[in-house]
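*Asks:* Annotated transmembrane segment per TrEMBL: 29-51, 63-83, 95-114, 121-148, 154-174, 186-209, 229-247, 268-291, 297-317, 324-341, in sequence order.
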Amino acid sequence: MADNREPILAKDGPSTYQHPLRRLKRSQWWILVVLNIIFLIVGQAAAVLLGRFYYNKGGNSKWMATLVQTAGFPILLVPYFFLHPSDESHGLPTPPPILALSAIYSIIGALIAGDNMLYSIALLYLSASTYSLICATQLAFNAIFSFFINGQKFTALILNSVIILSLSAALLALNDDSDKPSGISSGKYIIGILTAIAASALYSLLLSLMQLTFEKVLKKETFSVVLEMQIYTAVVATCVAIVGLFTSGEWRTLSSEMNNFTTGKLSYVMTLVWTAVAWQVCSVGVVGLIFVVSSLFSNVISTLSLAVTPIASLIIFHDKMNGVKIIAMLLAFWGFASYIYQNYVDDLKTRKNEGDDD
């Protein structure tokens with residue numbers, strides 16, 4: 001991995017632009033990383049639990065569950081304008097053509113909408129704990145995509161993470177004693193597992209494509225540019241979800257869904273609002289870690305959140321935690337720890353090289 005004080009975007013060679021992160025001390029860099037980790041873990045855990053709450057209390061619209069995953073994008077405008085992007089533009093390369101950017105953002109945005117729909121289907125058919133543990137396979141997928149697309153090194157420890165997380169998902173898929181939400185058949189449970197795996201793979205591909213876009217197309221190293229990608233792709237994904245909501249006819253059921261929500265109309269609205277907010281808090285952490293470190297590291301932290309979520313689900317929803325689930329969760333932590341240790345080794349090597357240079 002590249003020097004952890006510099007974003008992975010700076011791989012392509014020297015630049016006349018002095019990236020602000022390069023002026024940070026190591027302690028300041030770690031504070032920035034920790035803040036983004038907190039945003040990602042808290043945001044993702046809250047979003048998953050609220051999504052399961054929506055289904056548990058009477059919500060049934062997959063397109064609505066898809067829509068709220070990106071509809072909160074206006075929240076990102078606050079940090080975007082706070083950063084004064086015009087002040088960061090000095091010395092940066094000429095921006096790519098608007099047409100090319102529009103095409104990239106449209107494609108990525110459409111893929112995000114499809115990925116969100118897969119996640120919505122998976123969460124409908126799986127308990128929050130099973131869903132989270134299955135989605136932890138995204139780290140394995142991202143390690144593979146990062147190797148082929150972003151040139152990430154595939155060390156023995158990262159390979160260990162891939163294998164361990166794959167075994168974790170396989171255990172849950174073969175577990176006949178898993179707790180299924182009320183009214184979910186075995187067939188729908190299998191569909192939930194398959195869509196969760198597919199969503200994890202597509203999400204990992206998206207992270208690698210975003211990183212590739214930063215490196216090869218945007219060639220800019222500012223956090224405002226990262227936010228721009230998040231905002232524009234979220235706009236596209238939100239539009240796709242709105243079209244899906246109306247063309248599918250699910251919009252007709254929203255009124256009765258609100259009236260029949262077991263905790264009341266206000267609870268229905270607030271559940272959707274806070275789910276949208278939680279996903280955007282998570283998004284800030286995701287793009288922040290992609291910018292500061294790499295797409296793979298961002299996915300590692302996301303995987304940690306998914307491994308922690310079953311514990312919260314056990315407390316809030318009283319999900320069953322049988323032996324297989326406990327083993328799967330321990331395997332997820334093992335896979336996460338393997339990659340973190342690899343990052344620690346890389347950081348020590350970087351410090352040693354800097355000492356030799358001095």
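Keep in mind that glycine also has a Cβ here, set from the backbone N, Cα and C atoms.
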*Asks:* Please give the sequence-distant neighbours of the transmembrane segment (95-114): residues at least 6 beyond its ends with Cβ less than 8 Å from one of its Cβ atoms.
*Replies:* 66, 70, 202, 205-206, 209-210, 213, 217-218, 220, 229, 232-241, 244
*Asks:* Relative to the transmembrane segment (229-247), which of 63-83, 121-148, 154-174, 186-209, 268-291 accounts for the most Cβ pairs at distances under 8 Å?
*Replies:* 63-83
*Asks:* Please check if the transmembrane segment (324-341) comes into contact with the transmembrane segment (121-148), where contact means 3 or more CB pairs closer than 8 Å and the residues in each pair are separated by 6 or more positions.
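*Replies:* Result for the transmembrane segment (324-341) with the transmembrane segment (121-148) is yes.
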*Asks:* Which stretch, 29-51, 63-83, 121-148, 154-174, tops the Cβ pairs under 8 Å count with the transmembrane segment (186-209)?
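*Replies:* Stretch with the highest Cβ contact count: 121-148.
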*Asks:* For the transmembrane segment (121-148), find every same-chain residue at least 6 residues outside the stretch whose CB is under 8 Å from a CB in it, and list them.
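*Replies:* Same-chain residues near the transmembrane segment (121-148) but 6 or more away: 48-49, 51-52, 55, 60, 62, 65, 154, 158-159, 161-163, 165-166, 168-169, 172-173, 178-181, 184, 188-189, 191-193, 195-197, 199-201, 203-205, 207-208, 211, 294-296, 299-300, 302-303, 306-307, 309-310, 313-314, 317, 319-321, 325, 328-329, 332, 335-336, 339.
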*Asks:* Give residue numbers and ranges for long-range contacts of the transmembrane segment (268-291): same chain, 6 or more residues beyond its ends, CB-CB under 8 A.
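*Replies:* The answer is 7-9, 32-33, 35-44, 46-47, 50-51, 53-54, 57, 59, 64, 68-73, 75-76, 79, 207, 210-211, 214, 223, 226-227, 229-230, 234, 257-258, 261, 297-298, 301-302.
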*Asks:* Which bits of the chain, at least 6 residues beyond where the transmembrane segment (29-51) starts or stops, bring a Cβ under 8 A of a Cβ in it?
*Replies:* 4-5, 21, 65, 69, 120, 123, 128, 131-132, 271, 274-275, 278-286, 288-289, 292-293, 298, 301-302, 304-306, 308-309, 312-313, 316-317
